[in-house]
Amino acid sequence: MDNPAYVIDCEREFAIGGGGGLEKPEKQAEKPRPHSFEEAITMTEVGRFHYKLLLICGLCFMSVMVEIMGVSLIMNQMKCDLQPTLNQQGILASAGFLGVVLSSHGMGFLADTWGRVTTLRYALFLAAVCSIVSGFSVNIWMLIVFRFLTGFFISGGQACVFSLCGEFHGSGSRVRHVTLLSGFLCLSMIFAPAMAIGILPIRIETIVLGMRFSSWRVLLIANVSISLLALVGLSTLPETPKYMLVQGQGEAALETLKIMFTQNTRKPCSEYPVREIALESGGASLSDVHGLGDAVRLVWRQTVPLFYRSRVVHTLNICTIQFLIYGMAQGIFMWFPTILDELGSRGGQATLLCQVLEEFDAQDTQEGGDAAQACAMEVDTNTYQVMIIIGASFTGIYLVFAYIIDYTGKKNLLMGWMALTMICLVGLHYVEQFALVVIGLTVVMAIGNCGGLVSTIAMEFYPTNINAMGMCFIMMVGRLGAVVGSNVLGRLLFSSCDTVFWALLGLVIFLCSLGYFLPEKPRPKRVTTPTPTPSATATAIVTATTTPILAISSK
């Protein structure tokens, strides 16, 4: 027992007591095991920082929808000044969506290489400038070009925000907050018609730069306020810590997490228990670009992973669902004000929806399309009021989605809403009451809400280094569906109403079958911190002394 070698061996083995034998373990304790990102982000908790983040991302998302939707609200008043043809009106209605489609891929590339926040700041600023200039358009083609440029630049606000919002959350809160973010789409359906009610009825006869500065121009400029508010909010946000880790900026990511911890818990950053975060690999940077060839290769490297063998089926499935969902929703929404006007003109008389639409199409054909080109000086605000009610209903639906999604699961909620859509599509063939028809059409349009659920699934499916690219790509396909739907579905509704609604029913059944095969991330398990593995002798002694305590704890 007095053998010095034995004593030294015991001190090294068990590290019990004071003295020189503790020097080595203490030095080891000074450098703790790096935490994973999931552990580190969970320790920041959810609080004030995340609520501010949700508001800022929501304003970015709202700005996209308000800018795109605003054109449909000024169509009748704009005719008085610019006198567009029917074809030019169709081009104008699609210009913003076309801009979104053409730039989405590039926005995803910039977000993955330049940063989510930086990309959003420049995108919203340029979109705001183009939107303001469009308010001073002297002819229809100038308006079309600048609405196209507005959509081209603002596309980053629809897909980058999902990555931006999701990467500030752990798995326990990510799905709920991203679903709440999708709800700002519905708030834009309240904001845009409310602004129209307040501004369009104003009679303005002021001459600015040789043109009559009508109320529709004021509305276009006023809608930029959402983008400006979003820009102010973005100036206060850091880059996402997960993006920083992928770019190898571990210290910067840790500082951001400390800021989040302080704002959420109101505790000093010194109390944040994480000292080091394990880096993630796979990021790309614009610093690697030294010419056009490098840029093309980098875009290719960011795009190809979306179609790896392990992802290609899910990527194609998600894109198909988004194309059909947004095509249906936007195709009906684009003509929804016209449908409401025609239903309202019946004075509450019970009439089948398809009968009303086909009579309108026949009347428009007999008049040579002049009714569609008529200049309307008086503004009927009833349609806008109905749209506000619908937007409020959609907002309520999203709130319900956000708080039951953790219990039902994303796929179950998605297919449940599609089942309700099928019921309404069948009912629209038979109901005649105005209120029931509007409710049925609203539920069918609300299938666009399912696009937010699919985006949430996609955001969890793609890894960080290609997340923004993946989100922008599927949003690009979704907006392409919106362009097709707004140009094709509307005309078919008026000429072949019954056939179209039965075809839409078949499409929703097809969507249900595709939704069954969507990837869904398993619910997160409780994270346990692993402990260093001791030697066999130490394990035997620790087990013997702690087994009774562990047994009591387990009970």
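Placement of Cβ uses the backbone N, Cα and C atoms for every residue, glycine included.
Taken from TrEMBL, the feature transmembrane segment covers 53-75 (among others).
Taken from TrEMBL, the feature domain 'Major facilitator superfamily (MFS) profile' covers 53-523.
Taken from TrEMBL, the feature transmembrane segment applies to 90-110 (among others).
A Cβ distance under 8 Å defines the sequence-distant neighbours of the transmembrane segment (122-142), meaning residues of its chain 6+ beyond its ends; these are 60, 63, 67, 82-84, 88, 92, 107, 149-150, 153-157, 160, 208-211, 217-218, 220-221, 223-224, 227-228, 230-231, 234. Taken from TrEMBL, the feature transmembrane segment applies to 122-142 (among others).
Annotated transmembrane segment per TrEMBL: 148-166 (among others), in sequence order. Listed by sequence, the residues of this chain that lie at least six past the ends of the transmembrane segment (148-166) yet keep a Cβ under 8 A from its Cβ atoms are 53-54, 57, 60-61, 63-64, 67-68, 95-100, 102-104, 107-108, 110-111, 116-117, 119-120, 123-124, 126-127, 130-131, 134, 174, 177-178, 181, 227, 230, 237, 240, 455-456, 459-460, 467-468, 471-472, 474-476, 479.
According to TrEMBL, the feature transmembrane segment maps to 178-204 (among others).
Counting only same-chain residues 6+ beyond the ends of the transmembrane segment (216-237), those with a CB under 8 A from a CB of the stretch are 52-53, 55-56, 59-60, 62-63, 66-67, 70, 73-74, 77-78, 81, 117, 120-121, 124-125, 127-128, 131-132, 134-136, 154, 157, 164, 188, 191-192, 195-196, 199-200, 202, 204. According to TrEMBL, the feature transmembrane segment maps to 216-237 (among others).
Taken from TrEMBL, the feature transmembrane segment applies to 316-336 (among others).
Distant neighbours of the transmembrane segment (386-405): 175-176, 179-180, 182-183, 185-190, 193-194, 197, 336-337, 340, 413, 438, 442, 445-446, 449, 452-453; these residues of the same chain sit at least 6 beyond its ends, with a Cβ under 8 Å from one of its Cβ atoms. Under the heading transmembrane segment, TrEMBL lists 386-405 (among others).
Residues or ranges marked as transmembrane segment in TrEMBL: 412-431 (among others). For the transmembrane segment (412-431), same-chain residues at least 6 beyond its ends with a Cβ under 8 Å from one of its own Cβ atoms are 352-354, 401, 404-405, 437, 439-441, 443-444, 446-447, 449-450, 453-454, 498, 501-502, 504-505, 508-509, 511-512, 515-516, 518.
The annotation transmembrane segment is assigned in TrEMBL to 437-459 (among others).
Per TrEMBL, the feature transmembrane segment maps to 471-494 (among others).
Through the fold, the transmembrane segment (500-518) approaches residues 313-314, 317-318, 320-321, 324-325, 328, 354, 410-411, 414-415, 418-419, 421-422, 425-426, 428-429, 444, 447, 454, 457, 489, 492-493 of its own chain, all at least 6 residues removed from its boundaries and within a Cβ separation under 8 Å. TrEMBL lists 500-518 (among others) with the feature transmembrane segment.
Below 8 A, the CB atoms of the transmembrane segment (178-204) and the transmembrane segment (471-494) form no more than two pairs separated by six or more positions in the chain, fewer than 3 in all. Within the chain, the transmembrane segment (90-110) has long-range Cβ neighbours (under 8 A, six or more residues past its boundaries) at 64, 67-68, 71-72, 75, 84, 119, 123, 140, 143-145, 147-156, 158-160, 286, 298-299, 302-303, 330, 334, 468-473, 475-476, 479-480, 482-483, 486-487.
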